[in-house]
Amino acid sequence: MSERIVISPTSRQEGHAELVMEVDDEGIVTKGRYFSITPVRGLEKIVTGKAPETAPVIVQRICGVCPIPHTLASVEAIDDSLDIEVPKAGRLLRELTLAAHHVNSHAIHHFLIAPDFVPENLMADAINSVSEIRKNAQYVVDMVAGEGIHPSDVRIGGMADNITELARKRLYARLKQLKPKVDEHVELMIGLIEDKGLPKGLGVHNQPTLASHQIYGDRTKFDLDRFTEVMPESWYDDPEIAKRACSTIPLYDGRNVEVGPRARMVEFQGFKERGVVAQHVARALEMKTALARAIEILDELDTSAPVRADFDERGTGKLGVGAIEGPRGLDVHMAQVENGKIQFYSALVPTTWNIPTMGPATEGFHHEYGPHVIRAYDPCLSCATHVMVVDDEDRSVIRDEMVRL
């Protein structure tokens, strides 16, 4: 006889979500559904009608875990709408900011999954390693972008200022010194994850991967014409779940996809492994890739070069697209600027892409492994909330106009 297992909210993630699993007599998941129950904030609606420079400041507050990708995706979208060509040094500083954020965010995830993989006798060493890596990565973001949480120096047209030559040398030396610690930490985490003994094939699915760049992002690799979005009542076969779900379902070429570290490794480094262990391994390896890129940028950066372009902020109504590879995957912001005001704004964020893939990925294994599958995606639900309940009496969701966050 089928039984329903409900985990609400799922734990060790940002925001609130629910995992509903139908299981057979042996406890094996036959149907998995994962959905956001985090309420909408409506930040995209808040920026509509305002001056372009307000958008990055507001939408970076979509989430306290991933403000860097949202800031960068916002300025990239507005740059595109206003046809701004950002100077090379400005582009490098933006990428440096994101590369350091990748290292920091992936280290945070290792803290969240530590109870799953790290034995008690190694817990203190692992957490101290996470803390040291985070401290140094956040220092880079602070120095380059102004603040580690809400970066004030990332601007439309580029960056507020270049860093000094002294700062470049200090950051370069600091990251070179950090490299052995990151290498050691990655080796430790991969070893512990692979030795855990999770079932072979756990979390494997047949959905395609989607990524635009190994570290930063490339709007030319995201085709808006191949993207569609459906409401939850058209996706979930359970009407009650469809009513409660707070995110839309994005599709690429008509299919739900996986975004994130494994997707980037698949698309740009020929990574072949699939499933939960592969996702954790890819995320750990990406820490090394991101750190190496940050060091390369500091070696390449001309601190005397301009970092911001002049531009006319009036705009013509062109739809601009910003595609940024956040730690959790592809973060796409879209903006239209006309007559000096934002006429339209929408964000399509990583966890929104992953939600329809995560639930079915739990199927075929005992339900006790369900949370392992979910945590492998490092979900961020505040970012993923897209649907507003408009009738408290019957819990119906808005149909004709979606609120996208």
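FYI, residue positions are counted from 1 along the chain as it appears here.
Cβ coordinates are placed from backbone N, Cα and C, and glycine is handled just like the others.
Copied over from Swiss-Prot, here are the features:
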type	residues	note
BINDING	Cys63, Cys66, Cys380, Cys383	Ni(2+) binding site
CB within-chain contacts under 8 A for Cys380 (Ni(2+) binding site), separation at least 6: Gln13, Glu14, Gly15, Cys63, Val65, Cys66, Arg328, Val349, Pro350, Thr351
Env. residues of Ni(2+) site, Cβ within 8 Å of mean position of Cys63, Cys66, Cys380, Cys383 Cβ: Glu14, Gly15, Ile62, Gly64, Val65, Pro67, Pro69, His70, Gly326, Arg328, Val349, Pro350, Thr351, Leu381, Ser382, Ala384
For Cys383 (Ni(2+) binding site), the number of other Cβ atoms found within 10 Å of its own Cβ: 28
Number of Cβ atoms other than its own within 10 Å, given for Cys66 (Ni(2+) binding site): 25
Where Cys380 (Ni(2+) binding site) falls in three-state DSSP terms: strand
